[in-house]
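Single-structure report; data block below.
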Amino acid sequence: MCGIIGYSGSKANAVEVLLEGLEKVEYRGYDSAGIAFVTDSGIQIEKKEGKLENLKNHMKNFEVLSCTGIGHTRWATHGIPTDRNAHPHYSESKDVALIHNGIIENYVEIKKELLEQGVKFSSDTDTEVVAQLFSKLYDGDLYSTLKKVLKRIRGTYAFAIIHKDFPDKMICCRNHSPLIVGLGEHQNFIASDVSAILKYTRDIIYLEDGDVVLVTKDNVTVYDKDEKEVKREVKKVEWNFEQASKGGYAHFMIKEIEEQPEIIEKTLNVYTDKEKNVKFDEQLEGINFHDIDRIYIVACGTAYYAGLQGQYFMKKLLGIDVFTDIASEFRYNDPVITNKTLAIFVSQSGETIDTLMSMKYAKEKGARTLAISNVLGSTITREADNVIYTLAGPEISVASTKAYSSQVLVMYLLSLYMGAKLGKIEEKDYQKYISDISLLKENVVKLISEKEKIHDIAKKIKDIKNGFYLGRGIDEKVAREGSLKMKEINYIHTEALPAGELKHGSIALIEKGVLVVAISTNLEMDEKVVSNIKEVKARGAYVVGACKEGSLVPEVVDDVIQVKDSGELLTPVLTVVGLQYLAYYTSLEKGYDVDKPRNLAKSVTVE
């Protein structure tokens, strides 16, 4: 991981295209960057550890005319972040250059074999092993050579390869790692992310697992896993990169926080009819909900916390066993799956490898699979039995905000749809739940207008090193997402707990200077939360309350983020928006790179 781009064109501007494309995928996170391009004297590789700017400055030393090349931003999985471990990688003879997203599981045994044959390696990566193997097995034909290589390796990968014997050609393939082809006029592209090439084309081919593609400036030839030449559908991407630009905001994150009212309204308008009934008939075709006796919601990170909200909605409204699991653990927890199981997989990018592998496992066990994703044509949406798209639009900041809200809202609507199908929700309650969505939108707008109050709180807590986020019931799910936002862009250790669990050990860590964020949107449990606040205040904690109007929390805390009532199930979503602001402004005050936090990637495509 993380970003791939390739170019073959009639103009000698490959380096410019590659650097521009890598800039567009910086948001995915990386620790080094590099490019390889074909010149009259062969293949030239230039790469640098650190920010892309380092590579750009380095390239100012060269005057390069090249029509074909590949580029990569790397996130270290094998070998520390250095120039030598950055992609692309040569073969020893420098006839091959290769970039790779993924992990080669058996690289150690192949490397040992190549070392015994006298091959000299110049990096510590699993990727270089593939470049060296390709060179060793090369038979004068790119396609047959790559097929021999793929028979030797195990793992997940998206490869892009150039060879000195074919100066105008790239050969690429994918297996459980995203790769697309962009079609232009006398120029064609490959990329891991459509953002990288939107400046040049909106005509996209989404490759499937097992596909191998040969790309020149005028031709794209795709072979499937059975080695048959196939025609993949060309899809037109509707959004352009300008939609993903900052639009006058200081950072993508705050822009995306403040796009949430629009997304709430769009989701309501698209997924309900004029009578305000949820219309998922097309998306959920073929599912008989009367046959479903168990539901799993599986995801990673923020999507998992959105899934916890979805679990709460479904258990409350449907009376069905609903379980959530972290995707990286799902396969190893021996989930009970039958043909009466509905397994829901949530992924913003649709390319999260742990989630994809979990879905594959569930399908093999006989579950009906439903994907909730933000990216049209992504792997998860192609492989699931059914798909509901979130309508968040491109999310660039690594810290997810609007994607979370849209995931929660889709699961809320899904719960209402299922409840109506099963006769579990009375009509008056159903209409109240639907009207709460419009109320949520109005109240997010109001919260946005009051954001400077949250900024003031952030100024007071910016130097705090440790914190706890507490809540009860659905608010405990809010606590988890709030805690994650704070830690991922502020590098503050925070822990989310059910408020009642604090006294079972963790209260030993409460002392002066510790931050506690106490969440209370359910007035039935408000007094218990107030009691927990008093416990931590007595031990010196600085307490920020996050609650709805009518709560007693403001009377006992140091600062408060107070939101308006948006209904029993959606007020917690509004509270999360407040906690997104708190994390954002704290990071701003600390002077950190809000959109690109250290050690994080937007889309995690390795296990």
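Every residue gets a Cβ built from N, Cα and C, even glycine.
Worth saying up front: this structure is predicted, and the values here are computed from it rather than measured.
Lifted from Swiss-Prot, the feature list:
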- Cys2: active site, nucleophile (ACT_SITE)
- Lys602: active site, for Fru-6P isomerization activity (ACT_SITE)
- 2-218: domain 'Glutamine amidotransferase type-2' (DOMAIN)
- 280-424: domain 'SIS 1' (DOMAIN)
- 457-597: domain 'SIS 2' (DOMAIN)
Quick note, Lys602 (active site, for Fru-6P isomerization activity) and the residue listed as 'active site, nucleophile': C-alpha atoms separated, nearest Å, by 9
Cβ atoms other than its own within 10 Å of the Cβ of Cys2 (active site, nucleophile), all chains, total 24
Secondary structure split (DSSP) over the domain 'SIS 2' (457-597) reads 67 helix, 30 strand, 44 coil
By a three-class reduction of DSSP, the residue listed as 'active site, for Fru-6P isomerization activity' is assigned coil
Three-class DSSP assignment, Cys2 (active site, nucleophile), comes back as strand
DSSP tally for the domain 'SIS 1' (280-424), helix/strand/coil in that order, comes to 66 helix, 29 strand, 50 coil
